[in-house]
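Database features, via Swiss-Prot:
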type: BINDING; residues: Asp62, Asn64, Arg68, Asp73; note: Ca(2+) binding site
type: COILED; residues: 280-617; note: coiled coil
type: DOMAIN; residues: 574-636; note: domain 'FIP-RBD'
type: REGION; residues: 138-175; note: region 'Disordered'
type: REGION; residues: 219-256; note: region 'Disordered'
Amino acid sequence: MAGGAGWSGAPAALLRSVRRLREVFEVCGRDPDGFLRVERVAALGLRFGQGEEVEKLVKYLDPNDLGRINFKDFCRGVFAMKGCEELLKDVLSVESAGTLPCAPEIPDCVEQGSEVTGPTFADGELIPREPGFFPEDEEEAMTLAPPEGPQELYTDSPMESTQSLEGSVGSPAEKDGGLGGLFLPEDKSLVHTPSMTTSDLSTHSTTSLISNEEQFEDYGEGDDVDCAPSSPCPDDETRTNVYSDLGSSVSSSAGQTPRKMRHVYNSELLDVYCSQCCKKINLLNDLEARLKNLKANSPNRKISSTAFGRQLMHSSNFSSSNGSTEDLFRDSIDSCDNDITEKVSFLEKKVTELENDSLTNGDLKSKLKQENTQLVHRVHELEEMVKDQETTAEQALEEEARRHREAYGKLEREKATEVELLNARVQQLEEENTELRTTVTRLKSQTEKLDEERQRMSDRLEDTSLRLKDEMDLYKRMMDKLRQNRLEFQKEREATQELIEDLRKELEHLQMYKLDCERPGRGRSASSGLGEFNARAREVELEHEVKRLKQENYKLRDQNDDLNGQILSLSLYEAKNLFAAQTKAQSLAAEIDTASRDELMEALKEQEEINFRLRQYMDKIILAILDHNPSILEIKH
């Protein structure tokens, strides 16, 4: 048990080293994905070492040049630099996979151990099941003359004790459960039983052998006796000595059997891996098959060589105590065949071989028990590692789930905010669309009204144009008439001027005649002459005033004609511009469905300005008509 305790301490130290390496791996700054970058390791290495050492370190940690290092490669590289890479196989497999490497094989071994119905063992030795010392299977293996291949039976019988290990390792409470309690941590209390049970049982078996030799014979197969699996082996030497005593009592040539040697192994050299577990399980399965074959091929109720030898020894002791040796030989000669000596020699050899095989099997069973104990400790350590890994994985899973929940909540909040913004934007666009539709409807109604007003204005403008045309014709006729009147007036004026000139000359002639006639009476004629002179002067002034007024009248008429021509030309030019703008308004009415809001507003303002100018133009025309010829605007029925 000291070796097992030492062995269990080594993986614990190894696990502590792995946990420290985990802390170093975390401190080196691993990424969130669980990998450590080679550049990071190289940078840290250059702070504490040289270039060649850093390159060697990187080569150990990243032999495949992947550019990143996981924890398994990190541990393997560190242990490879230390020269103990093999010690890390099981630990890394548990660290990385989180499962027991040999877990699938152990239940099979347990079930097989529970099915074996052969002889039972306690600490490497056989426990008697009946008053007889040897079980029926060993007695069948040691039969003097078996008819079915004695060499095969002799070869299988030593391995029979090894096969029975599956059924022997267990507590009394584990008879129905096989080896299940041995590999489970909750059954540790059942592994170790008091050593007094096995010691008392061994002492009782030895005592019954010595005191009741005359009653020792084979009675076949009996009930199995449960034995403690992990108790010490105090009766190994006793049973070995019993075998030796039996051999020496049959023949004096049989020497003392050597004592069983106990080997203490170093716990660090007993590391058992999964491959060895598989080998041991395969070996146990093979031994179980061979045991079943041996039972099937062995004859029933045959007297074994050991029983026969013990009968001879009992007869010899009994005859020597009574002093009747001759009667004993006489009875032996009568009861036995002539070849009894050869059979006794053959039995001596077989007993010696069986003793040696028993010692070998005892050593093998001790080693297997020790390895089994180591495997149990190993399983317990691996279970603890699995629990640690499960706890770590659960914590990591909870942390990851919490991060994902936080990220999901953040995304949900962002999504809700974005949806609210989009809904507000959609609502705003819907309001703008509704407003634009209302504006378009209003603009359409205004455009229709403007079209109607434009149509009315066009009709009025057409009527006014017709009237203006009539007025222009009338104006032309009036101008022609005015010219004719001017010509007639000029002719009349010239005629009047000539008439005035003739009258002046006639007046002068009459004045001269009058003067001549009045010369005889000068007193009276002086006053009349002065009156005539004044009348003549006044007439001349009036004539000059008439001429001046006529000239001013001519000038005013010319100016009036010029102004009327200018007004007419300006009115015609403005009318042309307004008609062109009206044509543009008609094209705008066709484009109102495809135009934008700003364009519609600008076109509407321009149309209103054109309408205002048209109103002013019509007002001017009406005022001009009222000034010149109001009769045109009269309504004629």
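Think of each number as a place in line: the chain as shown, counted from 1.
Placement of Cβ uses the backbone N, Cα and C atoms for every residue, glycine included.
Not measured: the values here are computed from a predicted model.
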Relative to the mean position of the Cβ atoms of Asp62, Asn64, Arg68, Asp73, the recorded Ca(2+) site, which additional same-chain residues have Cβ within 8 Å?
Val38, Leu61, Pro63, Asp65, Leu66, Gly67, Ile69, Asn70
Determine the Cβ neighbour count for Asn64 (Ca(2+) binding site): the number of other Cβ atoms within 10 Å of its Cβ.
6
Across the domain 'FIP-RBD' (574-636) the predicted model averages a pLDDT of 72
Count, for each of the binding-site residues Asp62, Arg68, Asp73, the other C-beta atoms lying within 10 angstroms of its own C-beta, and report the residue with the smallest count.
Arg68
Under a three-state DSSP reduction, the secondary structure at Asp73 (Ca(2+) binding site) is helix
